[in-house]
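Asks: Checked TrEMBL, it gives:
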TRANSMEM  12-32  transmembrane segment
TRANSMEM  137-157  transmembrane segment
TRANSMEM  163-181  transmembrane segment
TRANSMEM  201-218  transmembrane segment
TRANSMEM  238-263  transmembrane segment
TRANSMEM  275-294  transmembrane segment
TRANSMEM  330-353  transmembrane segment
TRANSMEM  374-392  transmembrane segment
TRANSMEM  398-419  transmembrane segment
Amino acid sequence: SVMATPRADDWSWFPALALGVSFLKCILINAYHSTDFEVHRNWLAITHSLPVSKWYHENTSEWTLDYPPLFAWFEYSLSHVAQHFDKEMLVVQNLIYTSPATILFQRLSVIVTDIVFIYAVKECCRSVREEKGSKDLLGHPFFILAALLLWNFGLLIVDHIHFQYNGFLFGILLLSVARHLQGRHLEGALLFTVLLNLKHIYLYIAPAYGIFLLRSYCFTKDNTDGSVRWSSFSPVRLVALGSIVISVGALSFGPFIAMPAVLSIWCRPRGARGFLRCLVVCALGSFMFGWHVHEKAILMAILPFSILAVESREDAGIFLMLTTTGHYSLFPLLFTAAELPIKVLLMLLFTLYSFTSLKKLFRGSLLNPLETTYLLGLVAVEILCEVVYPLSPWQHTLPFVPLLVTSVYCSLGVSYSFIRLYVSLLRQHGTDKHKQL
């Protein structure tokens with residue numbers, strides 16, 4: 001008898017997809033690592049060797065502990081496993097310590113804690129609408145979204161070559177988003193509060209969470225025109241949210257400048273998906289205003305946007321522009337010659353899969369000729385920066401030019417994607433108004 005093709009909703013394919021990328025991460029264990037490797041080794045040493053009162057005052061290394069308390073406790077927990085690999089890595093005075101056992105432990109700690117990300121991806125896939133897509137497994141939104149998230153190029157190079165724990169952190173973010181999509185808002189709020197106490201950069205998207213929960217959870221009903229029904233305010237729900245925030249030890253937030261995207265959640269709430277769109281706009285807007293302050297923050301927009309990309313043709317087109325440009329903007333993080341073929345190959349594979357799977361899902365091209373031409377220009381930029389310019393006489397006198405060219409060219413694509421996202425948001429707002437007339 002002919003073996004039956006796996007169905008998307010039986011999930012038998014998911015462990016294979018997750019194990020496949022985990023195997024690739026293991027292959028990259030001995031790849032180049034950045035100074036972030038020493039940063040986290042030092043934090044392991046600080047939290048393991050010193051009393052809690054000294055964690056945030058220890059400055060033997062220039063890489064002092066500067067993440068919120070829950071991440072410090074996360075490092076503390078890891079340190080108790082690390083001592084079984086090499087106790088010397090836990091000595092504060094052992095600066096720039098990179099024994100083979102230390103490298104193995106820190107790489108494996110990222111791979112193992114990615115279990116949180118894997119679980120979150122599965123929950124996000126369960127939350128996807130199924131109107132689009134073919135019956136076969138490879139063309140199903142579940143499978144496409146899982147592949148786009150689990151095999152995300154940017155996350156692979158930032159965590160498993162450059163070195164960080166973004167998979168663990170993004171896992172908590174995506175799980176929070178999934179809970180909101182599933183209508184489990186208190187769980188979503190709890191997870192995001194935990195996330196803020198792990199890494200403060202997620203304050204970028206706190207306005208989206210705050211306004212969404214106040215508008216769509218604390219107010220239980222709308223008027224017929226979609227505006228808020230003030231009488232439906234639930235003090236009990238507000239207290240429940242406040243209790244969660246206080247119990248996790250939430251940070252005190254300073255005044256935020258409200259963005260129109262955030263205001264749109266209040267004026268015309270469109271449920272958890274409207275919140276998700278606003279979250280992406282907040283993340284991308286904050287990234288643009290902090291250009292080069294934290295290049296890796298582009299992933300904060302790309303990963304959640306993947307969920308919308310498998311549900312809407314327009315979003316899929318914007319996603320392809322943003323993810324291709326945003327991922328290429330991470331290339332300068334891996335600047336050694338040995339990693340050049342790795343990053344090029346991984347990005348090519350991920351980009352080709354993104355284009356072919358989304359094109360199949362929505363049955364047609366998703367980009368116009370001008371957008372396609374711009375993305376092809378990235379090939380010319382790469383050849384210029386990696387082949388032509390190093391052979392020129394300006395390589396030694398003006399070594400920053402390749403980085404400048406990459407930054408400026410990528411800024412065009414990211415800015416264009418941001419504008420299109422905002423236009424789509426405002427157009428939806430205008431459509432809502434038109435329906436009421």
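Cβ coordinates are placed from backbone N, Cα and C, and glycine is handled just like the others.
A quick note: this is a predicted structure, and the numbers were derived from the prediction, not measured.
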Asks: Taking a Cβ cut-off under 8 Å, which residues six or more beyond the ends of the transmembrane segment (398-419) line up next to it in the same chain?
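Replies: Beyond its ends, the transmembrane segment (398-419) has Cβ neighbours at 281, 284-285, 287-288, 291-292, 298, 318, 321-322, 324-326, 328-329, 331-332, 374-375, 377-378, 381, 384-386, 389.
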Asks: With pairs closer than 6 in sequence left out, are the transmembrane segment (12-32) and the transmembrane segment (330-353) joined by 3 or more CB pairs under 8 Å?
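Replies: Touching, yes - the transmembrane segment (330-353) and the transmembrane segment (12-32) meet the threshold of 3 or more Cβ pairs under 8 Å.
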Asks: Given the transmembrane segment (201-218), which of the listed stretches 12-32, 163-181, 275-294 has the most Cβ pairs that are under 8 Å apart from it?
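Replies: The listed stretch sharing the most Cβ pairs with the transmembrane segment (201-218) is 275-294.
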Asks: If we skip the immediate neighbours and take only residues 6+ beyond the ends of the transmembrane segment (275-294), which ones have a Cβ under 8 Å from one of its Cβ atoms?
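Replies: For the transmembrane segment (275-294), the far contacts come to 177, 180-181, 201, 204-205, 207-209, 211-212, 216, 259, 261-262, 264-265, 269, 300-301, 304-305, 307-308, 322, 407, 411, 414-415, 417-418, 421-422, 424-425.
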